[in-house]
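Below is one structure, written out as structure tokens, with a few remarks after it.
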Amino acid sequence: MAKKKKQKTIKLDAEIKGILFITIGVLSLISIMSSSNSGIIGKMSKKILVFIFGLGAFIFPFFIIFVGVCLILKKGKVTYSGKFYGIVLFILNTLFCLHIGDIVTKGLDRSFFQGIVDIYNSETFLHGGVISYIVDLPLYKLFGKWGTFVIFISIYVICFILISQISLYSIISKFKLKKEKRRKEKNIEIKEDVQDEVKFTEIKDSEEIPEEKIINRIKIIDFIKNTNIEENDDTKENKPIQKGKDSNNIQGEKDINKELEEEMSKAALKTIDYEFPSIDLLNDNKSIKLKKEDKKELLNNANKLEETLTSFGVEAKVTQVTKGPSVTRFELQPSVGVKVSKIVHLADDIALNLAAQDVRIEAPIPGKSAVGIEVPNRELTPVYLKEVLDSNEFKNCNKNLAFAIGKDIAGNCVVSDLSKMPHLLIAGATGSGKSVCINTLIISLIYKYSPEDVKLLMVDPKVVELNIYNDIPHLLIPVVTEPKKAAGALYWAVNEMTRRYKLFAETNVRNIESYNELLKKGKGVEKLPLIVIVIDELADLMMVCPNDIEDYIGRLAQMARAAGMHLVIATQRPSVDVITGVIKANIPSRISFAVSSQIDSRTILDMGGAEKLLGKGDMLFYPSGESKPMRVQGAFISEEEVEKVVGFIKEKQCGEVEYEDSIIDEINTSIEINNEDRDELLEEAIKIVVDVDQASTSLLQRKLRIGYNRAARIMDQMEERGIISQKDGSKPRQVLISKDDIV
């Protein structure tokens, strides 16, 4: 109670003081404005105020009223800022300047007291009062006229700093930046087909960014590049699938198509009758470049990022902002002594301050002394397959199995060579972009290679994904949709691999490239095409016949590269029971789309990160030989575009497609054998008889610990498969295969 009573008393005292100050101020104002009606006290107060302050007497009443109002509003707790003291000093300095003229005019002949008397008897207001006289006279005697003016000017500069709260350093820096900008604007020549760059100084008028941050220079790169570029003669001399850079000139496109047709006709003389599809069958990208508002937003986010890190004690500067199709990467330059791990641990705090869905940190960026912070864009910009196929990266790629992947964050087209991988594993959740990626790979091969150079063996347990490619000349056999037939197709692939190695041994060559070179030298050998085996859903195959599929894939992955056979395996369930150790160890190149958990990401990439991807083609591309995966926005191709390309190929081919009947017969034979009552111990029994090089029912009974009837059935099954010889009286059966023949 006592405390409340004391607080109430303090409040009342402050209000009383405030009212007294306001009253004195109003009376002073009346006395100065109208001395005839202000009484004796009014006339005296006017004389005293004019004597003390001179012209400042008109300001003094307002100052007293202001103090009174502050006492009432602030409850007696009045504190004055630097701006207040700056205003008071400005008024006093103005009075000093006003009065120095009187001292200069009358000189130093009169005495000090005579000067005070002259001020008191003065009938004009145009002087600074006795206060100004007491200050100006010593200054004038010590420093003279010009020295006194220099002091007054310095005081005005101090007043400006106190009132505006702006440092002289920032003003000078701002002037330098403006001068530098004008100089650069005179020297910069505007060009097309360059990455869009802007300096931080371009938005100096923005209220959202502090002026102190303007000193930092941030480079902004937009991944969308201008495509209105004239073609030169070098870009026109390419393969049939290649066209020059995009142009709005229709006549130019017609000329390109004519050249493409001429080159395709030349290629047809050397190969089978195959007409390459036109690039015009694919859709154009109509995305627009960055707007000025988008650039300002990126720079504001860069500023927020620096402030967030500073608040956690991490000193770092943003040196470059790169806007990609799906994410924007902020490149940070940490100060000396800052641990990279400290920045990585702040991922959630950075996402919170930038209002981002999620943040992925790449520390450090390969090849740069910087840390990359990848923030998702508000709107995802698609990358169309036509852009990548029409790029110099794809057109100038002379690899055996070049295919388009997409664009990286900087907007560079990513093209890879399947023959160097040599096998590819693709994983991602439903809807993340796996099927589109497979279509992109297949269409890329169709655009760049003829059926004589590349053959495709497709396995599609989902039935609906790859059936559209039936009846194109690149296929060895129709798309395989039954899981058991898929095992038979892989079994044929293993046999084909073995056959090719035998051919290599006979001709003393080591790989398919050397073997096909013999044909160019005039030696009578058959040309062996490269074979790409595409499996769209591995998980479904592993559920039906896991042992066979794993064994076949493992054998192909280990040995098929030199034979010109390459695997592309996709699955939406990257778990350890689908991507087994054997498969994972032999397929070093991986593409991971968005997955549901970090465990799945580690299964496919051996590291986290895929769980933070955005879907819709956002991927981590991890080719063999690289230390870290690369973030890429996958090229998009619609079903309509696939239908156009496939329809064009079917329309232009002569006659019906001739499939390899021998492959189909071999697959059907293996299916018939597998459809019988196959014992689950058959494989183990085969290994036993091959190891001991003899086969008998009693041997299987002892080794497998089974009864006579089951052992006899296993013996019959091995006989049907040609593993052991037929029964010949009392003679022991012969084992017809060796350890090398076991698949």
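All residue numbers here begin at 1 and follow the chain in the order shown.
Backbone N, Cα and C define each Cβ position, glycine as well.
Residues annotated as ATP binding site in Swiss-Prot: Gly431, Ser432, Gly433, Lys434, Ser435, Val436. According to DSSP, Lys434 (ATP binding site) is assigned to a helical segment.
Under the heading domain 'FtsK', Swiss-Prot lists 411-602.
Model confidence over the topological domain 'Cytoplasmic' (167-743) is summarised by a mean pLDDT of 79. The topological domain 'Cytoplasmic' annotation in Swiss-Prot covers 167-743.
The transmembrane segment feature in Swiss-Prot is assigned to 14-34 (among others).
Residues or ranges marked as transmembrane segment by Swiss-Prot: 48-68 (among others).
Feature annotation from Swiss-Prot assigns transmembrane segment to 84-104 (among others).
Annotation comment: Swiss-Prot describes 124-144 (among others) as transmembrane segment, evidence class sequence analysis.
Residues 82-83, 85-87, 89-90, 93, 96-97, 100, 136, 139-140 of the same chain, all 6+ positions outside the transmembrane segment (146-166), place their C-beta atoms under 8 angstroms from a C-beta of that stretch. What Swiss-Prot lists as transmembrane segment is 146-166 (among others).
Sequence-distant contacts of the transmembrane segment (124-144), counting only residues of its own chain at least 6 positions beyond either end whose CB sits under 8 Å from a CB of the stretch, comprise 50-58, 92, 95-100, 102-104, 108, 112, 115-116, 150-151. Cβ atoms under 8 Å from those of the transmembrane segment (84-104) belong to residues 53-56, 59, 115, 126-129, 131-133, 135-137, 140, 145, 148-149, 152, 155-156, 158-163 of the same chain, restricted to positions at least 6 beyond its ends. Of the listed binding-site residues Gly431, Ser432, the Cβ environment within 10 Å is emptiest of other Cβ atoms at Gly431. The Cβ of Gly433 (ATP binding site) has 25 neighbouring Cβ atoms from other residues within 10 Å, across all protein chains displayed. Taking the centre of the Cβ atoms of Gly431, Ser432, Gly433, Lys434, Ser435, Val436 as the ATP site, the nearby residues of that chain (Cβ within 8 Å, site residues left out) are Gly428, Thr430, Cys437, Phe593, Gly617. Note on Lys434 (ATP binding site): other Cβ atoms within 10 Å of its Cβ, all shown chains, come to 25.
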